[in-house]
Amino acid sequence: MEGAEAASLLGEPPARFRTYRRRWLLLAVVCLLNCSNAMLWLTFAPVADKTAAYFHISLETVNWLSMVYLLISIPFGLVATWVLDSVGLRCAVVLSAWLNMVGSITRMFSVLKFLSLGSQSYWYLFVGQCFSALAQPLIIFSPTKLAALWFPDHQRATANMIASMSNPLGILIANLLSPALVPEGKHIPLMLGVYAVPAVTACALATLGIHEKVPPTPPSASATNSNSQPFFTGLKMLLRNKPYIILAVCFGGGIGMFTCFSALLEQILCEKGYSNDFAGLNGALFTVCGLLGAFLLGMYVDRTRKFIESTKISFCLSALASIMFAVTSRFRHQAITLAITSSLFGFFGFAIYPIAMELAVECSYPVGEGTSTGLIFVASQIEGVILMVLLQALTVRVSEDPFSTCALDQDGALDWTTPVLVLAGLCSGMACFYVIFFHTDYKRLHAETISADLAKAEDAATAHVPES
């Protein structure tokens with residue numbers, strides 16, 4: 001605890017707001033858990049062909065190991081928001097840690113030879129993925145709650161950024177680690193064991209290291225009201241909050257677009273002759289530059305409090321990058337330009353994520369952080385499903401191209417020209433809508449300012465009371 005011991009020794013009255021060093025342990029646990037969950041989500045995507053061969057299943061069946069996350073998170077997202085705002089942060093983190101660990105261990109039963117599971121081995125993988133999918137909303141919604149409860153106002157955006165960006169970091173690790181661990185299908189058991197290690201570690205740290213639902217003394221005025229609104233009351237307030245609805249639609253759509261971009265990047269590029277290795281490089285640049293952008297913008301917003309200006313500028317720049325990608329990806333031999341475009345798209349697009357989550361809390365205060373951020377995540381999953389179906393429906397079958405690197409089926413390759421142009425158009429349209437129509441007050445910061453002024457006034461009045 002910082003400053004508490006000194007105040008006690010000097011005989012001073014206890015401070016209204018305090019910070020605790022163990023907040024960094026909580027942040028580390030949430031980061032590790034978020035990263036582990038993302039790694040479990042995309043374990044099989046980079047080695048889908050080897051997974052299909054090892055378990056004697058189709059590629060479509062392998063894809064369900066990732067798709068189950070999307071389907072489960074939509075209904076369970078509302079449950080997760082209730083758990084965070086009604087039961088508390090500690091319960092949410094510990095519960096998600098156990099679900100995540102149970103999922104990672106259950107997957108390992110599929111490769112135990114002495115069980116002789118045969119065709120049933122896939123279902124152990126699937127059930128394990130379902131357990132991990134249940135953990136996803138709980139842990140993805142936690143960063144904003146953690147930042148609000150344990151961090152002072154000048155560290156909230158940075159703490160939220162660090163915890164939130166550990167999820168795309170996990171995606172990046174999975175994309176690099178899975179191919180490295182599985183040069184051949186026989187190495188899949190090793191991969192499952194390696195991925196279970198961070199899940200078990202995060203569960204042990206969460207169970208043994210997190211003992212309190214809230215700090216004994218809050219770090220800020222708003223933290224005292226973090227659980228002020230009941231779940232259903234907060235839900236009604238959000239549905240009547242026009243700025244929040246605009247933010248949820250635009251930002252949720254942005255997350256959905258980024259999901260589509262990540263999932264379809266290889267298919268978009270192969271038709272123009274770009275290799276899978278190059279598509280993987282673009283995906284890595286997209287994520288790494290996004291982490292850098294989120295880090296820099298998080299630090300900037302912590303100092304300036306310019307949430308709205310930062311998100312509007314970043315949204316517009318990411319829309320421009322999406323237009324550049326849509327045009328450039330339709331031409332061959334544009335590797336350098338495509339790499340730069342993917343980097344810019346990630347840099348400005350990812351930067352919006354943690355700031356928009358903080359902005360959701362600012363415009364919806366005093367609604368609980370879990371509810372305000374959770375509904376945006378649920379909206380993003382729904383919009384992501386719609387976009388994924390729409391973009392694939394807009395593809396056109398084309399005859400075999402000698403320059404294509406796609407794995408062709410009997411019907412030929414897919415032309416993604418219309419889908420990528422539609423994606424760029426939607427991104428630009430949402431950016432314009434957000435810039436024009438989104439306006440809000442910083443309700444949480446305003447409440448903290450009033451509380452601080454009242455505290456100063458009380459202290460001044462106490463100091464001038466004459467002795468009797």
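Note that Cβ sites are derived from N, Cα and C of the backbone, with glycine treated the same way.
All TrEMBL annotations are machine predictions without curation.
What you see is a predicted model, and the numbers here were worked out from it, not measured in a lab.
According to TrEMBL, the protein has these features:
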- 23-443: domain 'Major facilitator superfamily (MFS) profile' (DOMAIN)
- 24-44: transmembrane segment (TRANSMEM)
- 64-84: transmembrane segment (TRANSMEM)
- 91-110: transmembrane segment (TRANSMEM)
- 122-141: transmembrane segment (TRANSMEM)
- 162-182: transmembrane segment (TRANSMEM)
- 188-210: transmembrane segment (TRANSMEM)
- 244-264: transmembrane segment (TRANSMEM)
- 284-301: transmembrane segment (TRANSMEM)
- 313-329: transmembrane segment (TRANSMEM)
- 335-355: transmembrane segment (TRANSMEM)
- 375-396: transmembrane segment (TRANSMEM)
- 416-437: transmembrane segment (TRANSMEM)
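Below 8 A, the CB atoms of the transmembrane segment (122-141) and the transmembrane segment (188-210) form no more than two pairs separated by six or more positions in the chain, fewer than 3 in all. Just going by CB pairs under 8 A, the stretch in 91-110, 162-182, 188-210, 335-355, 416-437 that sits most against the transmembrane segment (64-84) is 91-110.
By number of Cβ pairs under 8 Å, the transmembrane segment (375-396) is matched best by 244-264 from the list 162-182, 188-210, 244-264, 335-355. The transmembrane segment (313-329) makes no contact with the transmembrane segment (91-110): fewer than 3 of their CB pairs lie within 8 A, with pairs spaced 6 or more apart in sequence.
Between the transmembrane segment (91-110) and the transmembrane segment (335-355) there are fewer than 3 Cβ pairs closer than 8 Å, counting only residues 6 or more apart in sequence, so the two stretches are not in contact. Among residues of the same chain six or more beyond the transmembrane segment (162-182), those with a C-beta under 8 A of the stretch's C-beta atoms are 27, 30-32, 34-39, 41-47, 50, 140, 142-143, 146-147, 188, 190-191, 194, 262, 280, 283-284, 287-288, 290-291, 294-295, 298, 350, 353-354, 357. Here the listed stretches are 188-210, 244-264, 335-355, 416-437, and the one with the most C-beta pairs under 8 angstroms to the transmembrane segment (284-301) is 335-355.
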